[in-house]
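Participant: Reproduced below are the annotations present in TrEMBL:
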DOMAIN    47-458  domain 'Major facilitator superfamily (MFS) profile'
TRANSMEM  109-131  transmembrane segment
TRANSMEM  143-165  transmembrane segment
TRANSMEM  174-194  transmembrane segment
TRANSMEM  206-228  transmembrane segment
TRANSMEM  275-294  transmembrane segment
TRANSMEM  314-332  transmembrane segment
TRANSMEM  344-362  transmembrane segment
TRANSMEM  368-389  transmembrane segment
TRANSMEM  401-420  transmembrane segment
TRANSMEM  432-454  transmembrane segment
Amino acid sequence: MSDKIVIEKNGSIISETGPVQDVVVPQEGPEREKIVKRLKLKLDLRLVPYLGLLYLFNALDRGNIGNARLAGLEEGTHLVGNQFYNVLSFFYFGYTISQIPNMFIMKKVTPAVLVGVTMVMWGICSTSMAGAKNYSGLAAARFFMGVFEAGVGPAAPIILSFFYLRHELAWRTALFYGSSTFAGAFGGLIAYGVATNLTHEKLAPWQLLFIIEGIPTIFLGIVTIFVLPNSPETLERWFVTPEERQVAIERSRSGHNTDSSVLDKRQLLASIKDVKNIFTCLIYIGLNIPLASYTSFLPTIVKLMGYKDAEAQLMTVPPYACAIVCVFAVCWNSDRTRRRGYHVAGSAAVACIGYILLISSGHIGANYTGACFVAMGLYPIIPLMLSWVANNNVGHTKRAVSIAMLNTFGQCFATVGTQIYKSPTAPRFFMGYGVCLAFSVVMIVFSLALVVYLKRENSCRDEEYGEPKLLTPEEQQEAIDNGIYDDHPSYRYFI
């Protein structure tokens, strides 16, 4: 019987009886290109779609409360006054406080365990909303659902950065986060189907909606614990050849994934003091206020355009369909050109056009077109920003904390988005549209300012140190050990 083969984190292959010869792969040339191409194809067919499926259910469970409102949620749980808006805010309170702790937990356990367990827990919370009888029960379920949903969104860019190079991330992140736009479309279709085709003598349509969309999440979370790859070192032998695994490990090293400490306090402080992270947090605040309001209130907004309840559920689908196309197109071009900031600013400008249409016209066609433009502008910014932060932070802890900071500040201000579409301002919602337009402009200003800052940093390093060189894994680890991170003379920022 042959020895059990294991690949250690340093890339060497050992057996239970001792080390064996390393897998030797060419470092350049056509043969390596073939191996890389096969590896990326396998990852694109397994890892990216699976993460996308996870986030589909994440976004579906998060956003279904907007559809449930049209199906009688407020009447069924006896919500009055601002209680519906407060319930929306409780989700973001929970989401915000658990961002950074989840990143450290992921370093302590495996990504598969973190993502799988949190999926099971938020699926339980989502399903339990069907049993809510009052404001308190609904608010508690939404709060804890926010706590557990924070395990997937921030973890995915970290997982992807283990397997893909910097210029490959935006497109793959778009495929992952693009599933949230599918969730918007599917959520509308499911809600329409429940409202028109399903009846139950004891359960209201809004209760059926939570059950139908919550239970599959629980089962998918259990499966995730066993099937989600954690790192290149743990890729199964049935999935990749030894040569492909070795190339995956080398690619991960070249992406500055060499430190293995659970918590590096210096990296934690470096991420907090990093000027570019302040810029990205401000951009993400500008995104999350309009985004939170859009996902929660689109069904209501469409209904107030003149559509009936079931018809309004169905009419929420086209804006998300438009957004799907834009997410993939914009992020593909961002990877192709290796530019992030200009694409963020351009997408925010499209959202501005949408809000201007919503504010300036009372015509149903113009308003609906504006709603489509808003979705087309907002949704591409999510994968662009997460890729941008992952691209420009070196070190596991620094990258994880930077992404967690991004989400923490963004989701904290998302609570503002849940409070700006008050019923007395219907149907024109001037206050809500005006606030969202203002923060879309904020995104444009700070994304372009960050582009200028990063260009200047790269130019200064070019002038002082010349052309950057590719660092070996040992040099990368030395830079991390010495607290240099992305300030290394050979590091150049994505702009």
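Every residue gets a Cβ built from N, Cα and C, even glycine.
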Participant: Against the transmembrane segment (174-194), which of these stretches has the most C-beta pairs under 8 Å: 143-165, 314-332, 344-362, 368-389, 401-420?
Facilitator: 314-332
Participant: Considering only Cβ pairs under 8 Å, which range in 109-131, 143-165, 275-294, 368-389, 432-454 makes the most contacts with the transmembrane segment (401-420)?
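Facilitator: That would be 275-294.
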Participant: Out of 206-228, 314-332, 344-362, which stretch has the largest tally of CB pairs under 8 angstroms to the transmembrane segment (275-294)?
Facilitator: 344-362
Participant: Taking a Cβ cut-off under 8 Å, which residues six or more beyond the ends of the transmembrane segment (432-454) line up next to it in the same chain?
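Facilitator: 275-276, 279-280, 282-283, 285-287, 289-290, 293-294, 297, 341-342, 344-345, 348-349, 351-352, 355-356, 358-359, 374, 377, 381, 392, 416-417, 420-422, 425, 493-495.
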Participant: Can you tell me which of 143-165, 206-228, 314-332, 368-389 gets the most C-beta pairs within less than 8 Å of the transmembrane segment (344-362)?
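Facilitator: Highest pair count goes to 368-389.
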Participant: Averaged over the domain 'Major facilitator superfamily (MFS) profile' (47-458), what pLDDT does the predicted model reach?
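Facilitator: Per the prediction, mean pLDDT sits at 88 for the domain 'Major facilitator superfamily (MFS) profile' (47-458).
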